[in-house]
């Protein structure tokens, strides 16, 4: 993934990754034998290394020598099923990377905006310019560039969360209306979803998360085969639910390998202190393997700004954007002049508590910390982790974004009716950037090069391919956060993309001249 390496672009196949990372057969046998001691348990295996055990509470207590009990949070009044410390046999301890999903969890505070899947309303004012695919293509220098055809390019949009939540649908009629309006000479195939496990039907009750992702992705970069998948996890604690769903997603990608999409867009997140460290570690392990296979994962940073946890008094960046193996996308908006971009107030950003600064980001973070104005709103010492992975990596429009939505019930209501409305968030910025990456990937392949894979070492080596955002801040609803300044910053990352310059970079870095 490092463009300065002689092995740049020499990705591993799924079978090569599996051979290099396979557990010892004796370890797998020991775990299977241990699970076999629990009568009535159902065990599902994936690739001989990820085992899901379905059993009742008494069975879990027996297997792990623990006890489960309901607890009530004193301030939120929410209930949680919690386990005491648990024990596994010494003979299987070397084989087990982690045990997840034992707690049903509870929640002491409101979920992040991305977890709630809130629709953001337009802020009226002199800078209320509607952001549409044609505007994005013009602003980010895409012009009339068209997706390369018949090169094997494919992209994926992923929904994370609890299987009990429901509410996810693609809304085909809204997608057709959106692409039909904003894509010149649109053809029926431009809004076709190649593969999905979600319904295509519309309902005003559905979340707009996936419809917005699909509309922006296909509206900005039509003509690329698109898979849309929900990866649920049946837990009652939303933070662990999304985190376990993401871990399941990484296992899914490893199973599909190069036969699946090569660029994934994910607009879901949760705050990392609320997550089992084992989930973070195992996700990062899987993401490193995904990077080795040349697959790109792009995620949103959340919509709470630099969120202050009231219990720890620390600014919290959101998982999985905190992973050093993903490209994290923050938010911008148009300034009052309707021409320049500034940091969007709600854009997530900051420094991870769970992961150190990666090698490819060290210089950028060091420069920022050496020159940043340390007066308020910059956080006080102890409120942030100066040695943590910084995010976002890049940014894109996150305010006043046009979407097509199902009509609400009323007089003369048409169940399949749709209308245009305003939404946004980094849930809009992420599919926007992912759409551009899909175009870049296709051009690489058209020129007989390799797919882009893990992006960050390439992006940080070419900051000139971005518009540096130097105004605005991501304070969210609080008083602490980060101001956009010259160079990389924790409000907008490297800045917003310039497609023409990125196109030149991805060709030159692979030695392509077509």
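Note: Cβ is positioned from N, Cα and C throughout, glycine not excepted.
Remember, TrEMBL labels are computer predictions, not curated facts.
TrEMBL has this to say about the protein:
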DOMAIN    130-509  domain 'Peptidase S53'
ACT_SITE  209  active site, charge relay system
ACT_SITE  213  active site, charge relay system
ACT_SITE  427  active site, charge relay system
BINDING   468, 469, 487, 489  Ca(2+) binding site
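Of all the recorded positions listed (209, 213, 468), 468 has the fewest other CB atoms within 10 A of its CB. In sequence order, 427 are the recorded positions from 427, 468, 469 with a C-alpha within 10 Å of the C-alpha of residue 213 (active site, charge relay system). Compute the center of the Cβ atoms of 468, 469, 487, 489, which mark the site for Ca(2+); besides them, the chain residues with Cβ within 8 Å of that center are 470, 484, 485, 486, 488, 492, 493, 494, 495. Around residue 469 (Ca(2+) binding site), the C-beta neighbours below 8 angstroms that are at least 6 residues distant in the chain are 332, 341, 342, 343, 395, 484, 489, 491, 492, 495, 496.
Computed over the domain 'Peptidase S53' (130-509), the whole-number mean pLDDT of the model equals 91.
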